[in-house]
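**Q** Provided herewith is a single structure, encoded as structure tokens, for subsequent inquiry.
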Amino acid sequence: MGIESTSIKSILRIRPPHKDKSLRVRDKTVYVDKNSQEELSFLFDAAYKSDSTQEDIYRNIEVYLDNIARGINTSILAYGATGSGKTYTMCGTSADPGIIPRMASDIFGRYTETLSVLFKVGIEMTYIEIYNEKVYDLLVEEPVSLPVREDSQGRVVIQGVLEKKVRTEKEFEELFNKGGHRRKQRKTLLNTESSRSHAVVTLFITLSTDSTMVRTKINLVDLAGSENNKRTGNEGVSMVESASINRSLFVLNKVIESLGQGSARIPYRDSKLTRILQDSLGGMSDCALIVNIQGDSSAETISTLAFSGKSRKVKLKPQSEKIAFNKWTDIVKDPRPARMPIRGHSASNTSLRPVYTQAGSSMGYGKKSSSENRAPNSSEREEKKKHKKSEADHTLKKPREKKQKVAREYKKQSIEAILEIVNSQDFLRIKSLPMIGDQRAEKIIKYAQKNPIVDINELLQAGITKKILANLVI
């Protein structure tokens, strides 16, 4: 099913082992004994105990892939104290991959396979880290600090970052692994491989036809963990890194708090992290927060849980960011640019008119007859007006008819492609259609097993509602 968020979605994950009874999970609520007299409670959209699997967590995230066809940007963030399991959740291992490799596998697999029936699919990626308030490109051999600026449309961009074209899952895996090895890490008392930077993998997915294009981005963010220097044993460089990490996370907290309160000023510019994630946090994109904690009632755990509570107050209004036209959700538009009049002249003065010539003359340069030299009478003027109107109507009718023909052709192609997918009875292909979840996919397969689905009416009978069809078909 598609995502229509009203707030940042929060998912809790407890790192094993969990033996401290002062922290308990019941359904979607976490209870923490602050002291012998006070119990705190925190509500989540989903809450997982220490026996959760990578697949459990990913199941909550994969539905955001529907946003690709809808043209809506998405951000997934892993948040928590140092050593709480954020990098494991996002990256995982070769034997048990995390969210980033699982999402890449689905994008290059079933989603590309399905969408390529209707579109030419292009995928690019960037991989950056924010280390000591400087931005570095992890896809280049010798990363240098890159400036963060606004483009002409007011969007925040990282100037000079490499957007690498990626064609296969294997190519992505190679780039992702190389970038991961370049990321800053250091051993602390709490974590043998502590990430010293925030890392952001961004996938740009372009869906295009001969005349239309929509570009969607997915930010996958592994945040560095907040640190207590006494517990981590930080000194020297580690102390500087820790101060930078804690400061940027403090600003992230302030941004989330300000957004939740509806404040007039949001301090995005106070850190590079919040500046880069501005469009993700500000409500124009879909956003999910994976909250990683140790299974205890420490101050770090309570602080992390409190941050999640603030994030759920942030209201989201995700919008489609279309470069031209999104075939899933929009109407066909004439791709040709409108003709602009010459500067200083009106459009009527610059339009081309047909040249009428007398028989025997060349392009009107022959001698004019006496009837051509005299002024036209009223009936001739009226006839001339009718002739011009007829020409204008004919001129306007042609592009309109062409657009209507293109629209009909696209609609026909869309329906044919959808019919081919649903009749394949392939669960993953059907489920990768926008707004189609597990139950609806199963219902469609059961219907198609009885008889092939041949038209829109049968699509409706198979369980695809009119609302879903409006998103699938022009």
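Here the Cβ of each residue, glycine as well, is placed from N, Cα and C on the backbone.
Features from TrEMBL:
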| type | residues | note |
| --- | --- | --- |
| DOMAIN | 7-314 | domain 'Kinesin motor' |
| BINDING | GLY80, ALA81, THR82, GLY83, SER84, GLY85, LYS86, THR87 | ATP binding site |
| REGION | 335-405 | region 'Disordered' |
| COMPBIAS | 390-405 | compositional bias 'Basic and acidic residues' |
**Q** Near the Cβ of SER84 (ATP binding site), how many other Cβ atoms are there if near means within 10 Å?
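**A** So the Cβ neighbour count for SER84 (ATP binding site) comes to 26.
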**Q** Among all the protein chains here, how many other CB atoms are within 10 A of the CB of GLY85 (ATP binding site)?
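**A** Other Cβ atoms found within 10 Å: 21.
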**Q** Using the structure shown, find which entry in GLY80, GLY83 (the binding-site residues) has the sparsest Cβ neighbourhood within 10 Å.
**A** GLY83
**Q** DSSP three-state call for GLY80 (ATP binding site): helix, strand or coil?
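**A** Looking at the DSSP assignment, GLY80 (ATP binding site) belongs to a strand.
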**Q** Return the average pLDDT for the domain 'Kinesin motor' (7-314) as a whole number.
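**A** The predicted confidence over the domain 'Kinesin motor' (7-314), as a mean pLDDT, is 89.
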**Q** With every protein chain in view, what's the tally of Cβ atoms within 10 Å of the Cβ of THR82 (ATP binding site), excluding that atom itself?
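**A** I get 24 for this one.
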